[in-house]
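Student: The following block contains the structure, expressed as structure tokens.
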């Protein structure tokens with residue numbers, strides 16, 4: 001709890017225990033609203049764990065670009081109603097993780113936090129570790145369950161909520177929104193054009209470019225302490241060749257904002273100000289603004305199938321930078337720039353009279369409704385042929401292409417070995433040719449969800465829609481319109497609807513009925529058939545009516561907890577032992593840095609190391625940039641979470657257990673002249689198998705950073721840091 005005077009401390013204490021009796025709450029600002037923020041490291045295993053996102057098992061973690069975090073925001077009204085929103089640096093959230101988070105919170109806070117008032121929303125980075133899903137389809141490409149990832153995510157998310165809960169204080173909210181026009185493009189423009197012309201005419205483009213932002217201000221001191229924004233764009237600036245854990249463009253943006261607000265005073269993950277860059281209806285939205293082209297000829301790809309000479313592998317989308325790291329930086333910085341502008345100009349105060357939540361689990365495999373006078377229903381899950389083609393952000397393999405509405409004989413035979421779809425299923429899913437009949441596959445667990453969480457959260461005039469998957473641009477617009485209309489028709493006009501993407505669980509994609517007919521990747525991955533979106537529009541409309549009228553809804557069928565089933569299925573190679581050879585030590589420097597550098601240079605060094613899975617260093621760091629102060633002591637300047645550092649791990653001999661750690665530091669233009677060194681810390685597993693992992697560390701020789709020369713590295717990492725913090729950034 002943050003209370004700055006004896007009086008406010010008493011008021012805050014009262015608000016925690018007796019809010020139901022004292023309706024004025026803690027402080028008058030914001031109508032008695034209280035809010036708190038928290039952040040926790042959820043990076044997970046940085047070595048030899050398949051990444052989640054591109055469904056490419058060979059893309060395994062091998063270091064850290066930017067650490068992953070859970071950023072929590074807890075809101076409480078004057079009546080005691082509480083809601084927790086967590087922005088998670090992950091590809092998506094799994095039901096299994098949310099259930100574990102609730103178990104942890106229940107032990108600490110009783111029934112304060114339940115599935116109804118906890119909303120977990122992922123940024124959708126494709127550069128994080130996998131192994132946290134219970135549904136088989138989402139676990140296959142990550143070689144099953146990985147306890148390190150699951151526990152890091154679950155414990156970290158719960159910890160962030162706990163921090164936010166304990167830091168509740170009188171708060172004021174300010175809302176702003178604005179257009180960000182240079183950070184996203186449609187990756188399925190031909191599908192978008194299938195939507196009705198009259199509907200398309202209502203919008204200026206084929207992607208949503210509005211960033212919506214909330215500014216959190218301490219009601220007692222007037223100091224900002226948090227920021228939340230929502231902007232739809234895939235975190236796929238880093239492609240499927242990247243092996244360093246990273247929050248991609250949104251991770252970049254969040255770190256820049258947090259470091260800006262602390263003026264570099266705290267290392268990433270240690271800051272008091274928390275900034276979250278959330279996703280929205282990003283299903284068909286790419287950050288690769290240079291668009292797709294044929295990598296062999298440089299010519300445009302076929303717009304309908306995203307192929308070059310009939311092959312998807314040759315059609316690849318590119319970002320605005322020199323390479324994927326530079327593109328992640330550019331798109332991240334553009335989101336940061338927009339968010340900062342909106343934050344600084346946010347003057348519309350949100351008057352929070354109350355907070356309310358409506359939540360219902362729904363069986364999406366047999367949802368019946370009327371569309372255009374006809375009775376229709378959803379289907380049991382299935383994935384189409386074009387799902388295997390991938391996208392221009394990450395092409396798939398074999399001979400699959402986007403836009404396939406017929407399938408082929410060979411893959412039909414392969415499919416039938418797993419599960420041959422019935423005539424009823426084929427008819428229900430048409431025109432999708434079924435590649436994986438997942439709704440009828442249950443070994444070792446269900447392959448995809450049947451029961452889906454739907455949830456709306458109202459904070460005063462703001463209504464958050466928890467989207468349980470990847471909604472395309474037009475799909476999200478229809479949901480937003482339906483929720484807004486239902487609220488207005490039931491006595492809640494002039495509200496603001498915010499889409500929170502990839503929330504609470506993952507149920508693949510949701511394309512419109514019209515987009516579904518073309519069967520590009522997003523449509524082939526719309527698992528409940530052509531009427532999936534119509535069912536969600538209907539369901540969220542019902543929830544909005546219940547929210548506006550304060551009507552109760554039944555909880556619906558329970559979501560399955562697949563943990564006990566999936567935990568036995570892990571095919572990730574265990575760590576047997578680490579070694580460095582006779583006469584060598586863990587932490588020995590193999591490659592020393594040069595004697596002197598200038599800002600704009602990159603410092604590099606290599607160390608003998610152990611496997612990074614021996615200890616994930618959560619809340620810690622595998623590397624540290626240190627500067628010697630005037631007293632001769634070493635000060636920590638940056639760690640492996642910083643955007644200007646890279647920790648890369650290399651297994652040089654698997655049989656002998658040899659590894660190297662490669663550390664890089666891009667020196668900012670604002671770096672102070674002085675004496676520096678790089679420090680590497682890790683853990684190794686002894687050859688004697690009964691012994692536990694042991695910690696070690698090693699440091700490079702000292703090197704000098706000299707005064708900045710006239711040479712500038714325009715657009716580089718170090719200049720971004722310089723722009724943020726000015727001279728003397730460290």
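In case you wondered, yes, glycine gets a Cβ from its N, Cα and C as well.
What TrEMBL records for this protein is below:
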type	residues	note
SIGNAL	1-27	signal peptide
DOMAIN	35-537	domain 'Neutral/alkaline non-lysosomal ceramidase N-terminal'
BINDING	124, 234, 470, 509	Zn(2+) binding site
ACT_SITE	286	active site, nucleophile
DOMAIN	540-705	domain 'Neutral/alkaline non-lysosomal ceramidase C-terminal'
Student: Report the residues of the chain - excluding 124, 234, 470, 509 - with C-beta within 8 Å of the mean position of the site's C-beta atoms, for the recorded Zn(2+) site, in sequence order.
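Tutor: Along the chain, the qualifying residues are 279, 282, 283, 285, 469, 501, 502.
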Student: Test of understanding: give the count of other CB atoms lying within 10 angstroms of the CB of residue 124 (Zn(2+) binding site).
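Tutor: Residue 124 (Zn(2+) binding site): 27 neighbouring Cβ atoms within 10 Å.
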Student: What is the average pLDDT across the domain 'Neutral/alkaline non-lysosomal ceramidase C-terminal' (540-705)?
Tutor: 96
Student: To the nearest whole angstrom, what is the C-alpha distance linking residue 509 (Zn(2+) binding site) and residue 286 (active site, nucleophile)?
Tutor: 15
Student: With every protein chain in view, what's the tally of Cβ atoms within 10 Å of the Cβ of residue 234 (Zn(2+) binding site), excluding that atom itself?
Tutor: 28
Student: Around residue 286 (active site, nucleophile), which residues of its chain at least 6 apart sit with Cβ under 8 Å of its Cβ?
Tutor: 184, 185, 186, 187, 233, 234, 236, 317, 391, 392, 393
Student: Count the Cβ atoms, other than its own, that fall within 10 Å of the Cβ of residue 470 (Zn(2+) binding site), considering every protein chain shown.
Tutor: 28
Student: Including all protein chains shown, what's the count of other C-beta atoms within 10 A of the C-beta of residue 509 (Zn(2+) binding site)?
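Tutor: A count of 23.
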